[in-house]
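Down below is the structure, laid out as structure tokens.
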Amino acid sequence: MAQYIFHKADTRGHDYHDWLDSKKTFSFGDYYNPRRMGFGALRVLNDDILPGGKGFGRHPHDNMEIISIPLKGSLKHEDSAGNKAIAAAGALQVMHAGSGLFHSEYNNSQDEVAEFLQIWVYPETLNTPPRYTLGDLPADAGKDRLHTFIAPDKADGIYVRRDVWFSTGRFSYDASFTYPLHLEQNGVYAFVIAGRFSVDGKELEARDGLGVWDAAAVEVKALSDEAHILIMEVPMNIHA
Amino acid sequence: MDQNISLKLLAIGYDPAIMQVVERLLNSHAGWEGIAALTREEGLEKAGSGHYDAILLCVGVSAADEEAIRQAVSHHSSSTKVIRHYGGGSGLLENELRAALDHQ
């Protein structure tokens with residue numbers, strides 16, 4: 001029988017600094033809740049706002065798959081592997097930290113805020129070579145359809161070193177879809193970016209999250225127009 | 001876990017630049033005393049001889065190294081928690097320690 005965990009948007013951790021306004025679904029930084037240590041291999045889901053010109057200065061990472069989804073404005077990325085990129089809303093940035101690198105992420109604008117989702121997934125294998133990929137988020141490629149933008153199949157160039165599938169879509173009121181899980185040992189974490197949805201009959205508003213596991217499929221229905229959802233299918237085991 | 005608790009910590013990892021950050025972050029906490037070991041040999045030597053509340057396995061430490069370190073610790077100190085640190089001095093560092101030490 002399907003199991004569920006619901007995380008209401010206003011129960012997330014909230015760190016506010018003059019350089020960062022961050023809402024954290026799972027424990028991170030100063031926010032610690034032992035009941036919110038992730039969802040399977042999904043460890044971090046931060047909803048970050050950077051004021052103009054502000055950002056994360058040069059700092060290291062290793063052994064994490066770090067996915068950034070800009071929702072508004074743009075991010076300026078630089079890393080010790082020599083990558084420099086601008087990731088604007090509609091783009092997708094994946095950084096395999098692997099055996100280690102340093103990077104910085106700044107709001108590329110001095111005037112406008114930048115909003116982005118910062119998502120971390122435990123890798124399948126430790127200490128692999130770092131890799132950086134910039135791609136497009138296909139949410140606007142066709143309305144009322146779910147678009148998978150990260151999958152283990154490496155053919156399209158955007159992947160995470162784990163058996164995960166990330167999908168997104170914008171939906172009109174009453175549009176619906178069934179999401180069949182790819183692997184029995186996986187679960188789904190549904191995160192509403194905008195609007196309202198019903199996920200397996202449970203109502204979710206903007207920035208609410210619902211984890212589902214021990215399920216073969218998940219039923220999703222938009223309860224508002226311009227409803228935007230992120231579906232993250234991840235292994236329920238932290239480690240491969 | 002009491003935020004001001006005194007902790008003695010060993011962080012083992014093989015990337016000196018990253019480990020410098022991890023060590024600095026550990027020592028930035030009031031009451032926490034962290035040292036880094038930058039090689040497998042140094043890690044095994046320190047893990048098998050010193051007394052630590054927790055040992056963090058960081059960048060570069062393989063599964064085989066982890067097993068060797070856990071063996072060295074188990075022969076020496078049953079109360080030491082050995083945990084994986086992911087992210088390289090990231091926002092997970094304090095969380096991982098608190099989760100491990102809260103469940104003692």
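Residue numbering: from 1, along the chain as shown.
For all residues, glycine too, the Cβ spot is worked out from N, Cα and C.
Taken from TrEMBL, the feature Fe cation binding site applies to A:H59, A:H61, A:H103, A:E105. On its own chain, A:E105 (Fe cation binding site) has A:G55, A:F56, A:S68, A:L75, A:K76, A:H77 as residues at least 6 apart in sequence with a Cβ closer than 8 Å to its own Cβ. DSSP assigns A:E105 (Fe cation binding site) to a strand segment in the three-state reduction.
Per TrEMBL, domain 'Pirin N-terminal' is recorded for A:10-121.
Sequence annotations record features per position, and here TrEMBL assigns domain 'Quercetin 2,3-dioxygenase C-terminal cupin' to A:152-234.
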- request: State the count of C-beta atoms found within 10 angstroms of the C-beta of A:H61 (Fe cation binding site), not counting that atom itself.
  value: 24
Query: So which of these binding-site residues, A:H59, A:H61, A:H103, A:E105, get their C-beta under 8 angstroms from chain B?
result: A:H59, A:H61
- line: When the binding-site residues A:H59, A:H103 are compared by other Cβ atoms within 10 Å, fewest goes to A:H59
Statement: Mean per-residue pLDDT in the domain 'Pirin N-terminal' (A:10-121) works out to 97
- prompt: If the Fe cation site is taken as the center of the Cβ atoms of A:H59, A:H61, A:H103, A:E105, which further residues of that chain fall within 8 Å of it by their Cβ?
  reply: A:F56, A:R58, A:P60, A:I66, A:D79, A:M95, A:L101, A:F102, A:S104
